[in-house]
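Novice: Got these off TrEMBL a minute ago, pasting:
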{"type": "BINDING", "residues": "H144, H242", "note": "substrate binding site"}
{"type": "BINDING", "residues": "D161, D172, E300", "note": "divalent metal cation 1 binding site"}
{"type": "BINDING", "residues": "D172, H235, E269, E300", "note": "divalent metal cation 2 binding site"}
{"type": "DOMAIN", "residues": "79-307", "note": "domain 'Peptidase M24'"}
Amino acid sequence: MASAANFQRKIITIMYSCPFTRLLSTTPQTMTRKPFNKSVKCKYLYNVPETIPVPSYVSTGVVNAPKYAEIKTDEQVKMMRPACQLAASILRVVGENIKPGITTEEINSLVHSKCIEAGAYPSPLKYKGYPKSVCTSVNHVACHGIPGHLELQLGDIINVDITVFYKGYHGDTSETFTVGIVDERTKDLVETARLCRDVGISVCKNGALFSDIGDIIYFTADRAGFEVIPYFCGHGIGEYFHGPPDIVHVPSDSVGNQHMVSGMTFTIEPILCDGSPEIKILDDDWTVVTVDGSKSAQFEHTILVTDEGCEILTI
């Protein structure tokens with residue numbers, strides 16, 4: 001789940017709100033739906049058993065995070081791994097169920113039930129008022145799409161962003177799935193978004209500059225003819241959902257000469273679009289769409305910086 005970032009070209013304020021693409025080969029047909037700009041209005045519909053530990057913000061409404069980037073101990077990393085692995089396993093189950101006709105609400109129900117079965121809490125639920133257990137962003141929805149009655153159609157793409165809170169730690173991951181066979185340009189967008197995440201991860205190691213992440217992601221997207229939406233960033237994660245450091249996915253002076261340190265854990269989650277990177281927030285205060293209706297795609301992993309490089313935790 002992406003954090004909001006401020007940049008000189010535009011300042012926005014927003015509430016803070018995967019590795020295979022399943023193609024259904026039963027038909028060569030593709031379809032294109034018109035972009036929508038209606039927000040989803042809903043209440044908290046999903047209960048969590050009292051036996052499942054929940055993040056503090058569920059009861060207090062207060063989001064806690066460290067002031068500075070945390071250097072985790074070996075014990076903390078050991079505790080965090082199961083949360084990240086669980087998020088990845090639920091995302092794989094979702095991928096197996098992506099097909100025409102499934103609604104985003106049914107995806108939410110699936111994610112919620114899998115969390116509860118595992119004894120985990122779906123982190124987005126009640127985070128700063130978010131009403132569902134997962135983010136489902138279809139086509140021109142860049143991020144933070146709220147599940148509802150929308151049915152997936154052939155030719156759609158959908159990002160499913162899953163975060164779980166398990167045994168005191170959060171694990172965060174996302175993937176953009178294709179629904180049936182998509183046109184070549186959309187396929188390129190999805191694969192480039194995956195590549196951008198992966199090249200961003202590839203430069204991470206103890207002593208590396210955080211700015212290296214944004215530089216290589218922007219270069220990779222630009223070379224393929226796509227834009228990186230600059231207003232959202234990756235984030236530190238652990239016992240807190242979002243915290244420092246901010247992981248900027250474009251070249252930026254905001255990160256300065258800050259270096260990575262072994263033991264840091266954070267997400268890398270660039271959002272690419274096939275058009276203008278300008279966005280707007282719908283009146284539900286969450287759903288972010290591209291202004292021109294162009295499709296967007298995003299992939300995300302949680303990683304651990306090590307002396308040798310980095311380790312992907314959400315696999």
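For all residues, glycine too, the Cβ spot is worked out from N, Cα and C.
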Novice: I want the residues beyond D161, D172, E300 whose C-beta is within 8 angstroms of the mean position of the divalent metal cation 1 site's C-beta atoms, in chain order.
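Specialist: Going along the sequence, the neighbours appear as M1, A2, A87, C135, I162, T163, T173, S174, T267, E269, T302.
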Novice: Quick check: in three-state DSSP terms, what is H242 (substrate binding site)?
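Specialist: In three-state terms, H242 (substrate binding site) counts as coil.
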Novice: Run through H144, D161, H242, E300 for me and report the binding-site residues whose CA is within 10 Å of the CA of H235 (divalent metal cation 2 binding site), in sequence order.
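Specialist: Checking each Cα against H235 (divalent metal cation 2 binding site), the hits are H242.
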Novice: So around the divalent metal cation 2 site, D172, H235, E269, E300 aside, which residues have their CB within 8 A of the centroid of those CB atoms?
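Specialist: Here the nearby residues are M1, A2, D161, T163, T173, S174, G234, I237, I247, F266, T267, I268, H301, T302.
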Novice: Applying a 10 Å Cβ distance cut-off over all chains shown, what neighbour count does D161 (divalent metal cation 1 binding site) have?
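Specialist: Here the count is 27.
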Novice: What whole-number Å value do you get for the CA-CA distance of E300 (divalent metal cation 1 binding site) and E269 (divalent metal cation 2 binding site)?
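Specialist: So the Cα of E269 (divalent metal cation 2 binding site) lies 4 Å away from that of E300 (divalent metal cation 1 binding site).
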Novice: Just to be sure I understand the packing, how many Cβ atoms besides its own are within 10 Å of the Cβ of E269 (divalent metal cation 2 binding site)?
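Specialist: The answer is 29 other Cβ atoms.
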Novice: Considering every residue in the domain 'Peptidase M24' (79-307), what is the mean pLDDT value?
Specialist: 98
Novice: Taking just the CA atoms, what is the gap between H144 (substrate binding site) and D172 (divalent metal cation 1 binding site) in Å?
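Specialist: With distance taken Cα to Cα, D172 (divalent metal cation 1 binding site) is 14 Å from H144 (substrate binding site).
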Novice: What is the separation, in Å, between the Cα atoms of D161 (divalent metal cation 1 binding site) and E269 (divalent metal cation 2 binding site)?
Specialist: 10
Novice: Give the helix, strand or coil assignment DSSP yields for D161 (divalent metal cation 1 binding site).
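Specialist: Reduced to three states, the DSSP call for D161 (divalent metal cation 1 binding site) is strand.
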Novice: Translate the DSSP assignment of H144 (substrate binding site) into the three-state scheme.
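Specialist: Looking at the DSSP assignment, H144 (substrate binding site) belongs to neither helix nor strand, so coil.
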Novice: How many Å separate the Cα atoms of H242 (substrate binding site) and D172 (divalent metal cation 1 binding site)?
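Specialist: That comes out at 10 Å between the alpha carbons.
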Novice: Measuring Cα to Cα, how far is E269 (divalent metal cation 2 binding site) from D172 (divalent metal cation 1 binding site) in Å?
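Specialist: Here the two Cα atoms lie 10 Å apart.
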Novice: Just to confirm: which same-chain residues, 6+ apart in sequence, have a Cβ under 8 Å from the Cβ of D172 (divalent metal cation 1 binding site)?
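Specialist: Listed in sequence order, they are M1, C84, A87, S123, D161, I162, T163, I237, F241, T267, E300, T302, T314.
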